[in-house]
2 protein chains.
Amino acid sequence: MNDAENRHDPDTLTAVSETAVLQRLFPRLPAADGALIGPGDDAAVLAAPDGRFVVTTDMMIHGPDFRLAWSSPFELGWKAAATNLSDVAAMGAAPTALVVAIAAPGDTEVTTFEGIADGLREACLALAPGCGVVGGDLSVSSTMTIAVTAFGDLGGRRPVLRSGARPGDVVAHAGALGEAAAGLALLFADAVDADGEPDAGRAAAARIRHPRLIEAQLRPRPPIAAGTLAADAGATAMLDVSDGLAFDAARIARASGVGIDLDAQALGIDVERALGGGEDHGLLATFPPDAELPAVFRVIGRVTAGAGTLFVDGVEHTPVGWDPYAGWDGVAG
Amino acid sequence: MNDAENRHDPDTLTAVSETAVLQRLFPRLPAADGALIGPGDDAAVLAAPDGRFVVTTDMMIHGPDFRLAWSSPFELGWKAAATNLSDVAAMGAAPTALVVAIAAPGDTEVTTFEGIADGLREACLALAPGCGVVGGDLSVSSTMTIAVTAFGDLGGRRPVLRSGARPGDVVAHAGALGEAAAGLALLFADAVDADGEPDAGRAAAARIRHPRLIEAQLRPRPPIAAGTLAADAGATAMLDVSDGLAFDAARIARASGVGIDLDAQALGIDVERALGGGEDHGLLATFPPDAELPAVFRVIGRVTAGAGTLFVDGVEHTPVGWDPYAGWDGVAG
């Protein structure tokens with residue numbers, strides 16, 4: 001490295017104090033409308049006007065959950081927020097706040113954390129306005145890890161569980177089906193090097209060819225507002241489709257002790273991908289037959305008798321879990 | 001490996017499905033009195049009778065925060081709970097619940113997760129009865145990581161911030177001072193191999209010689225109940241001493257715009273260790289001069305004028321942050 005390059009060495013996590021890094025991140029993070037005490041003390045204090053709050057946590061790990069050669073820091077922050085917001089929405093709640101713990105190798109540039117903060121902010125603004133980041137933690141780790149805990153307000157609603165579906169209910173879905181999986185398949189096919197490892201240059205080229213599907217994978221836009229709409233419309237059961245429609249529909253069937261019969265014709269052109277592809281984070285809900293469905297939901301099946309069984313067009317279907325990175329080494333790329 | 005050994009191969013994270021691992025962990029986890037909907041759905045629902053809740057998050061990473069050669073899984077779970085409960089207590093709140101995300105290498109035995117669950121449970125029972133685990137996440141990562149988010153109930157109290165200390169207040173502390181640091185120094189001195197890497201056999205021997213100090217490091221017992229007692233007694237500022245008394249006292253001084261003068265004689269025999277040693281997770285609080293201090297607090301100084309300055313026996317003192325594992329490779333041991 002010559003002198004000119006040396007002079008532009010970026011700040012890294014270990015070169016800059018944690019306090020200084022946080023001072024660069026705080027202004028980028030979205031404020032939460034419900035924050036009574038925000039970041040900076042031992043803990044935050046959040047309003048819970050309903051006398052209850054919804055809470056969910058999910059961790060994204062470099063390797064099994066994302067690749068730095070494929071995702072920008074902005075997209076990591078966005079996706080970490082979006083997937084957690086979606087779990088809050090699936091209870092019939094409106095997201096209010098996040099806390100975010102990030103660990104990364106010591107030589108990670110501070111600009112990477114700034115990008116993650118920007119993604120967290122823009123996802124909150126776009127998907128759940130008023131929801132903000134009220135606290136967090138920053139650590140050094142050899143494996144980049146983003147742990148988000150998200151909170152929501154039920155606003156007096158009964159939480160919508162997985163266990164409330166009843167025979168005769170309609171099954172409906174809001175959001176994308178199979179697009180995130182299609183995007184990931186494109187990345188696996190076109191954005192790897194000769195050894196099969198993720199490659200940033202090829203990913204950039206693949207994005208130009210397939211911007212919509214790759215963005216569906218790296219920067220999903222789950223229909224967060226559909227959660228409270230579904231609850232208000234009387235949804236009897238609901239969940240966030242993270243592991244594929246078939247696998248998650250079977251979860252409702254088991255939890256509710258019912259059968260679920262999906263209508264293949266309602267699942268688009270690529271039925272297999274719609275059934276098996278995970279990470280779209282749409283909402284799958286059941287409604288009483290006379291319910292007036294929110295416009296964002298499409299009917300894709302019905303609830304039948306049949307303790308815990310999933311059917312497609314009346315034929316029993318065995319769902320397979322979504323584990324696209326299984327077998328990868330979890331380090332390279 | 002012979003056949004007899006093969007038959008006893010342990011279950012590992014990748015050999016057993018996530019659902020099956022969770023089924024083994026759920027019965028070990030403590031229930032939260034305030035859980036309206038516990039683990040198993042997209043999110044949990046917690047009571048917040050006060051109309052507000054306290055939230056804090058903290059991540060423990062293998063390498064910078066713990067060593068598997070030194071800590072048992074039980075102790076990891078215990079410490080992950082204790083350190084987060086302490087941040088809740090430092091706001092003047094009673095802990096109500098935790099959510100816990102754990103990531104570990106795929107070849108980690110399920111019994112390791114069971115041990116972590118046992119530690120989480122016993123720490124809640126011992127330090128904050130009624131507090132339980134209401135949700136979590138389990139992932140594969142090359143670096144073992146435990147991310148805890150903890151919640152608390154203020155019960156109508158005003159949260160005690162770092163910024164409320166006023167000249168004339170007394171400075172008081174509840175809990176251990178320097179014991180966790182003394183325990184870690186013993187481990188660094190006696191529980192490493194010839195290459196300086198953590199060694200489980202030597203750690204076991206060191207524990208027999210110094211059980212109290214090593215336990216103070218690996219299984220701290222912060223005075224969680226002291227948090228609400230301090231708030232009720234009128235504490236004007238409070239925090240959890242995680243980075244050393246001097247460093248954390250300076251935080252109150254800066255946040256409050258006051259001076260803090262510590263009395264060396266009140267800090268025990270090893271004043272340097274009491275000032276610099278982190279991870280005891282005691283509570284440092286300031287009280288009005290006429291306050292009746294809870295019995296668990298000992299007066300160790302006073303608040304003076306002097307914007308943000310720390311003094312010891314009237315002499316300005318420059319605190320140094322606690323970073324005992326800095327420079328270690330974060331992988332071995």
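Our numbering is plain: 1 for the first residue shown, then up by one each step along the chain.
Every residue gets a Cβ built from N, Cα and C, even glycine.
Keep in mind the model is a prediction, meaning the values are calculated, not measured.
Residues annotated as Mg(2+) 4 binding site in TrEMBL: B:D42, B:T56, B:D87. In the three-state DSSP reading, B:D42 (Mg(2+) 4 binding site) counts as coil.
Sequence-distant contacts of B:D42 (Mg(2+) 4 binding site), defined by Cβ-Cβ distance under 8 angstroms and a gap of at least six in the same chain, do not exist. Residues or ranges marked as Mg(2+) 3 binding site in TrEMBL: B:D42, B:D87, B:D240.
Sequence annotations record features per position, and here TrEMBL assigns Mg(2+) 1 binding site to B:T57, B:D58, B:D137. Other Cβ atoms within 10 Å of the Cβ of B:T57 (Mg(2+) 1 binding site) number 26 in total over all chains.
Long-range C-beta contacts of B:D58 (Mg(2+) 1 binding site), restricted to its own chain and to partners at least six residues apart, with a cutoff below 8 Å, comprise B:A80, B:T83, B:N84, B:D87, B:A147, B:V148. Look at B:D58 (Mg(2+) 1 binding site): DSSP puts it in a strand. The Mg(2+) 2 binding site annotation in TrEMBL covers B:D58, B:D87.
Packing around B:D65 (substrate binding site) is summarised by its Cβ count: 25 other Cβ atoms lie within 10 angstroms of its Cβ, all protein chains included. If you look up TrEMBL, you'll see B:D65, B:E279, B:W322 marked as substrate binding site.
Per TrEMBL, the feature ATP binding site maps to B:G136, B:D137, B:R162, B:S242. The C-beta environment of B:R162 (ATP binding site), restricted to residues of the same chain at least 6 apart in sequence and closer than 8 Å, consists of B:A237, B:M238, B:L239, B:R251, B:I252, B:A255, B:S256.
Taken residue by residue with DSSP, B:D243 (Mg(2+) 5 binding site) is part of neither helix nor strand, so it is coil. B:D243 (Mg(2+) 5 binding site): 20 other CB atoms within 10 A of its CB, across all protein chains. The Mg(2+) 5 binding site annotation in TrEMBL covers B:D243.
The domain 'PurM-like N-terminal' annotation in TrEMBL covers B:40-152.
Residue counts for the domain 'PurM-like C-terminal' (B:166-305) under DSSP (helix as H, G, I; strand as E, B; rest coil) come to 59 helix, 29 strand, 52 coil. Positions annotated as domain 'PurM-like C-terminal' by TrEMBL: B:166-305.
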Same-chain residues at least 6 apart in sequence whose Cβ lies under 8 Å from B:G136 (ATP binding site): B:P39, B:V99, B:V100, B:A101, B:I102
Candidate binding-site residues B:D65, B:S242, B:W322, pick with smallest Cα gap to B:D137 (Mg(2+) 1 binding site): B:D65
Which of B:D87, B:D137, B:D240, B:E279, the listed binding-site residues, has fewest other Cβ atoms within 10 Å: B:D137
Fewest other Cβ within 10 angstroms of its own Cβ, chosen from the binding-site residues B:T56, B:S242: B:S242
Against chain A, in sequence order - binding-site residues B:T57, B:D65, B:S242 with Cβ under 8 Å: B:T57, B:D65
Inter-residue Cα distance where the pair is B:D243 (Mg(2+) 5 binding site) and B:E279 (substrate binding site), in Å: 6
Rounded distance in angstrom between the Cα atoms of B:W322 (substrate binding site) and B:D240 (Mg(2+) 3 binding site): 14
